[in-house]
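Structure first, commentary second.
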Amino acid sequence: MASIAPLVESPLRPEWRREVAPVPYTQALAWMEARNQAVAAGEARELVWLLEHPPVYTAGTSADPAELVDPRFEVVDAGRGGRYTYHGPGQRVGYLVIDLGRRGKDVRCFVHAIEGWVIATLKTFGVESWRAEGRVGIWTRDIDGSEAKIGAIGVRVRRWVTMHGFSVNLDPDLSHFGGIVPCGIAEYGVTSMAKLGLSVSAEQWDAALAATFEDFLDALDAAAKRACR
């Protein structure tokens with residue numbers, strides 16, 4: 001497990017870790033749950049954990065079995081909010097173990113801040129993306145001009161400490177999304193940086209996330225003082 005230094009290194013700032021090799025989903029889930037408990041107990045720092053998984057479908061708490069149309073990979077109950085999603089090589093996942101107890105106690109603002117962070121990071125590669133009313137995730141314009149999802153978001157909060165986070169499609173096998181109705185939204189497709197003509201490595205993506213991280217923390221800190229916008 002490698003570490004990546006954020007712009008400001010401090011015991012009060014989240015630790016950053018990045019994985020080079022894929023981590024099995026169930027292993028990552030167990031480790032994340034343990035870290036969640038440690039942060040809640042004041043025994044560990046908050047965490048930003050960047051990684052990829054071997055191919056897997058994960059089910060959120062609102063998952064509809066009818067949307068698991070072709071379970072060609074292992075299916076794991078994730079415990080997060082949302083429905084079915086796919087994780088696999090070429091998709092970068094960011095798990096956030098963040099103490100909302102000292103950052104506003106507002107889950108809606110937390111999700112809003114994650115969305116803003118991913119949108120800002122995509123913009124550094126020239127990808128315009130946005131939130132969509134009534135549709136969770138990060139959206140962009142696909143090569144045919146249609147609207148498509150490039151990033152997914154799903155979180156869980158326990159004792160005001162978060163788990164799970166976001167994923168962004170760098171260069172995954174997009175056909176693997178065909179085994180599910182991604183996030184329960186059948187009428188929109190899924191795209192990736194590679195499909196948009198961009199070659200972005202995990203290292204480049206992680207570095208760009210680190211460069212925009214302070215704005216994410218600022219958004220959370222602002223939520224502690226006022227309603228998010």
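Each residue, glycine too, has its Cβ placed from N, Cα and C.
TrEMBL annotations: computationally assigned, not manually curated.
Record features (TrEMBL):
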- Cys183: active site, acyl-thioester intermediate (ACT_SITE)
- Arg80, Gly81, Gly82, Arg83, Tyr84, Thr85, Tyr86, His87, Ala152, Ile153, Gly154, Gly165, Phe166, Ser167: substrate binding site (BINDING)
- 42-221: domain 'BPL/LPL catalytic' (DOMAIN)
- Lys149: site 'Lowers pKa of active site Cys' (SITE)
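Most other Cβ atoms within 10 A: among the recorded positions Arg80, Lys149, that distinction falls to Lys149. Across the residues annotated as binding substrate (Arg80, Gly81, Gly82, Arg83, Tyr84, Thr85, Tyr86, His87, Ala152, Ile153, Gly154, Gly165, Phe166, Ser167), the widest Cα-Cα separation comes to 16 Å.
Calculated from their C-alpha atoms, the gap between Gly82 (substrate binding site) and Lys149 (site 'Lowers pKa of active site Cys') amounts to 15 Å. On the 0 to 100 pLDDT scale, the model's mean across the domain 'BPL/LPL catalytic' (42-221) is 93.
Neighbour counts of Cβ atoms within 10 Å were compared for the binding-site residues Gly82, Gly154, and the top value is held by Gly154. When Cβ atoms from all protein chains are considered, those within 10 Å of Tyr84 (substrate binding site) total 25, not counting its own.
Of all Cβ atoms in the protein chains displayed, 24 besides its own lie within 10 Å of the Cβ of Tyr86 (substrate binding site).
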